Structures are given as C-alpha cells and as structure tokens.
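S.K.: Here you go, one structure.
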Amino acid sequence: MKCQVSVLLGAALLCLVVLVLQPPTVRGDRLQPKGYKQTVEKLQQFYASFEQQVSREFRRWKQQGSMTPHFRHLIQASAIGKSERAQEIRELPTAREGPLCAICRGFGGSVLEFRREGASREEVFNTTVELCTMLNLQEESICRGLIDLNIDTILYIVDNRPELSSASLCAVVFQSGACVLDDPTFTEWQVELDPNGTPVTASKAGTAQRGPNDLKIVQITDLHFDPNYRPGYNAECGAPACCRESQGVPEDPAAGAGHWGDYRNCDTPWNAVEDLLERVAEEHADADFIYHTGDIIDHGIWETSIGYNVRSISRVVEKFRQTFGETPVYNILGNHEAHPTNVYELGEVTRPDFSTNWLYHLSADLWSQWLPQAAQQTIRLGGYYTALVSPGFRVIALNNNDCYTFNWWILFQPDALKGQLQWLHDVLLQAEQAGEKVHILAHLPISSDCFSVWQREYRRILERFRDTISAQFHGHTHKDEFNVFYASESPEHAVGVAWNGGSGTSHTNVNPNYVVYYVNPETYEVTDFESYAYNLTSANMSPDERPAWFRMYSFQEEYGLSDLSPAGVDEMIQRLGTPAGRDELRRYWEYKVKLADASLATDCAEECLLNHLCEIVTNQADDLRKCQELSETFFD
C-alpha cells in the first residue's frame, strides 16, 4: 500500500516534509490552475535560490555546531502534527506542489552536498535523525529505525551516481508538475515495441454479458497481517502502524484497538486474516481460481527484517494453501514484502547485501504448487511470471513494485526498469500470435505512485496489445475502485480497464473486503463483479462472533452498464461527469471507501467527488487531459 510520511535520508527525508505542510483535511485535486505552466517556469529560478539559502544555513550548522535562528525557523515552520503523518503524496493539492518541491530541493541538496564533501555514515545518520525528529515527522525511535534501514541504500546511490542532483531526486519522488524532471538519464529509454499494431480509431467494445457459464475469480489483496496486533492496545499512537503490543494500553478505552481490526492506522490481526480466507472458501467454494495481489506485511516499516518478513509471508501463504486446497492461487508481491519496505533492487548493484533475491527465491518456493515449472526462472530473477491457465487463457503476474517512486533504486539506474516491461511486451506478443487472451496482475495501479516514464511505456504496451489484454487487476490503494485507460494520441478512445480489489485490511478508514469477478469463458472479459465487506464498527461490538460479511453491490446492477468493456465503462464515466450523475458518483465514492463509518463521517463534497472521478481516468502523472475534459461538464 501507500507511502506514508516516514523516511529516510537527505532528499528522501523530504518525502516526509512534503507531507509536512499538508492540511489535516485533504481535499486533493487533479486540476491545474490557470497559468500553471508559467508559474512552474518561474518556480525553477526560485528553487535554485532557495536551495542556495538552505545550503548556507546547513553549512553554518555543521561548521559551528549549532543552528542559526533562521535555520530553526525554517524547521519549525515545517514541523507537522501527528494527524498529518499518514497523508499520501498523490493526495496533495496542486497548490502545494511548488512550496513542497522547494523544501525538498533545499534540504535534499544540502544533505547530498554534505555526503559528497566527506560526511561519514554516522554523521549523515545523526543529522537526518535530528532533522526528522525536529520536523516531527515521526517519533525519534521511528525516525532512527526508518533511517537506519534505508541509509546504506541511499548512500550507495549517492556515492555511485555523482551526477544525481536534488532536482532529479525530488522530481522522481514527488512526481508533480512543479518538480520538473529534465534529466535524460531518467526519461530517454523505451521498450522496443512490435510495429504491427493497428491505430486506435475507436474505444474497445465488448458484448459479453454475465452468463451461467462464466468463470468465477476471487481477488484478495492487501491483507497487511500484523503479528504484533493486540486488541485494546493504543490505536492513536501517531506511528505508521498502531494497535501494537509495544505501544501499550491507552488510558482512554476509546483509543484501544478493536478485536477484528481498527479504522485508524492499524493493520490486520491474525483472526481477521483467517476469517476472510475461510469466508471466501465457504461462500465461494466454486471459485475457479484466486488472485492474491500482494502486501502481506504490515506497516511497521521502521522495524522490518528479512526474518520477520519471511515468517509473515510464509504463514499467510500456508493459510492460502490450507484453505483453498486444489483451487489455483496466483500470487504477486506487494511493495511491503521487500526489506526495507518498497526497496526492490534495480540495475548493476555490486553489493550482495542489497539483493532482493531472498524474496524472489522464497516466493518461487512458496508459490510452486500453483505454477508451472517454467515460471520459476523469472520469479527467481525478478518476482514476476506468466502461466497458461488453460488453452487460450494466460495470466501475466508483474512485480511492478520496481516502478514505485519510493523504490530508491530508480535513482541509481532508471533504465533498468525496461527489463521487466520488455519481458511483458514479448510475452504479450507471443500470446497474440498464439491467439491467447491475457489477464495482467500488478500490485501497484499504473496511476498510483508509479514512475511516470514507466507509466508512459506501460501505456504504449497496453495500446499495442489492447485486443489481447482482456483485464487488469491491481491492489495497493485499499480502495474499491477502478481505472480506465485512454489512447495517448486519441484520448477520446478507451482502450483498457483495471479493477482494484480493495483490501483485507481496514488501514486506514475503510472496511475489509474482497471481490468476486465473473469472467466470460471465451473472451475472458469481466462481465460483472461483486464486492463483499463487513462493517468494522459492528464487528468489534461482538468480538466473540464472526463478522457479518455482506454483498456491498454488484457493479453491473448498481450502474446498469451495457457491458464492462472499456467502451461500456467510458459511457458510465461520461454520465458521472455531469450534474445528472452526481448521486451515482456519490455512491461510487461510498463504495470506494467500502461504506466505512470513519470515511462516511467525513463526507465528500462536489470538488472531492470530481477528484475521485479524475482518479479513474488519470493513468500518467503528467497527463491530465481526461480530468480537464470531465471538469468542463461537471458543473454544467
């Protein structure tokens, strides 16, 4: 799942500072105000000036051993409250992009300079811990844990990429229009695309309706099992993960963790993991297979270890094996499975202690009973694979956590991202030639925090093989949502749809859920899906009883679509983008947060609803054309 205010070193530390000035109530927007491009051009000069100013103050601090009043003022002005620590970068309002990019450039440039002038690991560590604590990004113990886990990776990258600038670092991490990425090292690589595709001249249509012979696929995602979860323990601790044994029992019982989970920054107790899997097996014993789309590990990102992650991953996968028996399970990795969290090795790295091979070999072993022997090679290479499910139908399981903007290795060798994408292209080309239809599984939604150049190349592949790719399935956001892809050169045409399975966890302010898809056995298109959830408030009032799962909705019934093809779903989007579709759009938002009491209590006004509509149609960080188009009809 999502990157929270928590981290690391230097400019990466400012991932946190970006969230520092975020108002407690987020009304994130996707629209760029009038004159935005001109404003960004002016900001580039300001960034350079601000970076020099912070550098002077930082140098004085290091030379004199104390901070000047001005430097302390800069830090105090950026300090955050506990309620702001868990905000997500992609929710930041456009108006905040410029100031936050300046903060990243200023502080990040200073720490990069500090290291390159000879600062030791200990000096960099102590400096960033002090800044992290003074900025109130996390409690000191969490700052220490996060920085200690990530500092060696960051230092290796800084030391071996002397040309890496704070401008490029901030542009990759924040990926906002105000942080301009003009380094060709990051942008000028491409997948070699087969030239035999046809131009996009219309939206991809479909005629399949839900039928009695449809395949039944259950998606389970983002369980975030926390072995340290304890009912009654502090759910308001201010850390990325609360409700844990080490955080104690609060004086106020209302701040205590619930038996089945908690709406606050808390992950999933084992009893809730067991109940979800067993409920799926009981209620959907006729499922043809299971898609398990990652994020087993909890949000205790300051204290993970390889051994810790191995134990949790093994326990959950074993529970899948016991629960679903002979039903095939297609697993993929989440960003939390890595240690440190989010960090998947890329490029020609010479230090074996940075390798992610431990996770790839573990996954190959644990998943082996459900997969063909041939899948072992690519799983051990990079955590991805393909499998022919039945004649004419193939699953491609990606490890697209490599494109997460908080995977620091992107900063080391960005063109190494091409490897898995080229493999994806080549497998799709073979599938096309064999007349196969394909489902693609990926933990990160393409629109969610993936590096923009990776997004660009994935979209090129999707357009080229739009007739071969029947469906895409994602996780990570914990929301019951979907994304529509449009052709890059003719954005009036929809070419693909990606469905998100929500989450087994309630972290944060959502109910646990899973999704059942109905799939045409000839075209392998999704004809309908049903989302199942339970109300966490009610479940915690009866800790001795199993949660009361219920069918939240059927997508086809709720929205009355002709079909769930890109063309059919695009018709729905156009309807939601008008005043006449407002009630329907509000229902979409309510289902997106899975009818969670904690979210429904905050409401979602018209600008909030427009933002959620824009999130459906935005698949590349710098392409807001569809959002702008919808905004022009939204208030008519």
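From the backbone N, Cα and C atoms, a Cβ is placed for every residue, glycine too.
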S.K.: According to TrEMBL, C132 takes part in a disulfide bond; indicate which of C104, C143 is its partner.
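M.R.: Checking TrEMBL, the candidate bonded to C132 through a disulfide is C143.
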S.K.: From the disulfide entries in TrEMBL, identify which of C242, C243 pairs with C237.
M.R.: C242
S.K.: Using Cα coordinates, what distance in whole Å links C604 (disulfide bond) and H476 (Zn(2+) 2 binding site)?
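M.R.: H476 (Zn(2+) 2 binding site) has its Cα 22 Å from the Cα of C604 (disulfide bond).
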S.K.: What mean pLDDT does the predicted model reach across the domain 'Saposin B-type' (97-183)?
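M.R.: Taking every residue in the domain 'Saposin B-type' (97-183) and averaging pLDDT yields 90.
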S.K.: Using the alpha carbons only, what distance in Å do you get between C242 (disulfide bond) and H476 (Zn(2+) 2 binding site) once rounded?
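M.R.: Distance (Cα to Cα, whole Å): 19 Å.
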S.K.: Which recorded positions from the set C143, H224, D295, C450 come within 10 angstroms of N335 (Zn(2+) 2 binding site), judged by C-alpha positions?
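M.R.: Within 10 Å of N335 (Zn(2+) 2 binding site): D295.
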S.K.: H224 (Zn(2+) 1 binding site): which of the disulfide-bonded residues C143, C243, C266, C403, C450 have a C-alpha within 10 angstroms of it?
M.R.: C266
